[in-house]
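Per TrEMBL, FAD binding site is recorded for B:ARG207, B:232-233, B:246-250, B:263-270, B:ASN284. Sequence annotations record features per position, and here TrEMBL assigns domain 'Electron transfer flavoprotein alpha/beta-subunit N-terminal' to B:4-187.
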Amino acid sequence: MNIVVLVKQVPDSGAERTLKSDDWTVDRASASNVINEMDEYAIEEALRITEAQGGEVTLLTVGPDRATESIRKALSMGPNGAVHVVDDAIAGSDAVQTSAVIAAALGTLEWDLVLAGAEATDGRVQVIPHMIAERLGVPALTGARKLTVDGDTRTIERQTDEGYEVVAATGKAIVSVWDTINEPRYPSFKGIMAAKKKPVKTLSLADLGIEPTAVGGANAHTTVLSAQPRPARQAGTRVPDEGEGGVALVEFLATEKFV
Amino acid sequence: MAEVLVVADGTASGGVRKATLEALTLARRLGEPAAVVLGAPGTADALAGPLAEYGAVKIYAAESDEIAGHLVAPKAEVLARLVGEVSPAAVLLPSSQEGKEIAGRLAVKLDAGLLTDVSDIAADGTVTQVVFAGSTIVTAKANGLPVVTVRSNSVSPEPAPAAGERVSVDATVSDAAKGATVLERVAEQKGSRPELTEAGVVVSGGRGVASAENFALIEELADLLGGAVGASRAAVDSGFYPHQFQVGQTGKTVSPQLYLAIGISGAIQHRAGMQTSKTIVAINKDDEAPIFELADYGIVGDLFKVVPQAVEQIRKRQG
């Protein structure tokens, strides 16, 4: 069972994040960049499956040169190697374009299963797994809180608003996972040392047979017109509870017509 | 006037989700709203009343067990075919997990412009999106057909009675779209509370609630206010409340009229999911908790004293 895990380098969601004022793309240069948190759960799940059933785990990322740091960090968890699609022309691409690049890169690899985080903490769009599935003509099992791989059958519990759905597919499939699926391991010292020597193959758009005019912000299907900080919320009244806090709260709610 | 397709989303209990009524309201700015119902046979008739009441001139009904029995891909396939036939000005969907997934597939099939988590649409098709945990407001436009997912609680649904003429649509699905089979749907949600992302009032509990049993207190207050129950990641990770009720960066984004954060410190992870709420109230025993920085009203105190007292007060007022 060979598994490819999609990994994205994102600006740390715990720090301030901004858009660049010239092209309204994410300011990745000044941000503190980390592996998208949800992807660590996908890596963990891939490692557990291959540890039990054999096979290799390969990471796939699309991003600028500096994504290399995040690839090495992700490799330290245990995957065998990585593929890094890097090309200046990709900058500013939208999800539709990015999915074409990822789908083409997956076409160069041998895999039985693709795992991904259910969403990235920067865009939070949640659409990439289905877009890739659409392009490759394989099933997508998304939003998994549990994954079972039994021979050729992949079954997930898909989290829904009402509860969950049990969804199954046969053969090659793309599965996206939530952070409820497992607890990712911390890289060991040995893992960190080994990660430095693991193969990271870089691919350009030319390697994938994609024209530069098919990607990039200038050719995107959507255009950002403006971006501005949302006015910060002002702290309002703060009262200590001196025995009548609940009464004061309900008075406030009544003034605001919620009670 | 060009049609604007609004993909309707039904609730488990058979009604139309508020997000769909909001989308119909926004669609009127762009053209003539036409609802699209994709589901098992009988779904369109069940939803027809409210769809017509909120402005659907037509209701395209694509109904088959194959659509209901497989994940997302059949819906996108049928929808893409319909778009080809009616050439709409835009396609609007709810910003739910499934809504976004259908939208993503549709955008790939049609090479269209995908705009997700939209909170407002202008007549010229310019949309407003709130990004980065509610810290940044973006305006954007699609080049070509806009495929737009609309965030809940973006606009007040306004009735605008229309014909709601039923138009049956070819619901055949290719084998390629039937790869992900739904074997079982399991309901876990208790009671009849409003859906978290659509509720006008959300009462959330955090680590301070201290146990799953204590969440009964949060539920009691939510029920008195007619609200939904939410939970912080810390509460969910501690097993106090199920994951589908998690509000925050890795959970749901909510924007209710009133948000009560109880025993929640207000880490950025949580703020990401609730800071566009209209009124925020916080109860926390730590007066330095960051949640107070964004609360319109905060009580520094023990939630186990404050909440029961508030519950008693509301009961008194409600007689």
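The backbone N, Cα and C atoms fix where each Cβ goes, glycine too.
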Helix, strand or coil by DSSP: which one applies to B:GLN246 (FAD binding site)?
strand
When each of the binding-site residues B:ARG207, B:GLN246, B:ILE264, B:HIS270 is checked against chain A, which show a C-beta distance below 8 angstroms?
none
Looking only at Cβ atoms, how many others are within 10 Å of the one on B:ARG207 (FAD binding site)?
17
Which residues in the same chain, at least 6 apart in sequence, have a Cβ under 8 Å from the Cβ of B:ALA267 (FAD binding site)?
B:SER232, B:ALA234, B:PRO290
Comparing the binding-site residues B:GLN246, B:GLN249, which residue's C-beta has the most other C-beta atoms within 10 angstroms in this structure?
B:GLN246
Mean pLDDT across the domain 'Electron transfer flavoprotein alpha/beta-subunit N-terminal' (B:4-187), rounded to an integer, is what?
94
